[in-house]
Every structure is written in C-alpha cells, then in structure tokens.
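Per Swiss-Prot, the features are as follows:
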DISULFID  1-15  disulfide bond
DISULFID  8-21  disulfide bond
DISULFID  12-47  disulfide bond
DISULFID  14-31  disulfide bond
DISULFID  23-29  disulfide bond
C-alpha cells in the first residue's frame, strides 16, 4: 500500500486507517491524511487486500 503522497486509485491503495485517496487537487490522485478518521477507518475495514 502507499504512504502519504503516494499515487493511488482508491482508498484501499493507501496505508493506514486514516489515509484517503484524494483526487480533488489534480487528476493525479494521491494518498493523504483524512479529516474524517473514524469514517475512513470504517471504509478501510471493507478493503479486502490491505
């Protein structure tokens, strides 16, 4: 999985329960710390391979 600022295609590509795949700033998605830690942890729980 990718660390902060790593390229990603979905939240499941990013390491850490609070790290989201952010496509907002450019067309190149990057992993970044989420402001919604609890919600992200719940979403990450559904990632199959991480």
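Cβ coordinates are placed from backbone N, Cα and C, and glycine is handled just like the others.
On the structure: features taken from Swiss-Prot.
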residue	record	DSSP (3 states)
1	disulfide bond	coil
8	disulfide bond	coil
14	disulfide bond	strand
21	disulfide bond	strand
29	disulfide bond	coil
47	disulfide bond	coil
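When the disulfide-bonded residues 8, 15, 23, 47 are ranked by how far their Cα is from the Cα of residue 31 (disulfide bond), 8 comes first. Within the group of disulfide-bonded residues (1, 12, 14, 31, 47), the Cβ with the highest number of other Cβ atoms inside 10 Å belongs to 14. Its own atom aside, the Cβ of residue 21 (disulfide bond) has 19 Cβ atoms within 10 angstroms in the protein chains shown. Comparing C-alpha positions, residue 29 (disulfide bond) sits nearest to 21 among the disulfide-bonded residues 1, 14, 21, 47. In this structure, the C-alpha atom of residue 12 (disulfide bond) lies 8 angstrom from that of residue 21 (disulfide bond).
For residue 8 (disulfide bond), other Cβ atoms within 10 Å of its Cβ number 21. Here the C-alpha separation of residue 1 (disulfide bond) and residue 47 (disulfide bond) works out to 11 Å. Neighbour counts of Cβ atoms within 10 Å were taken for the disulfide-bonded residues 23, 29; the minimum is at 23.
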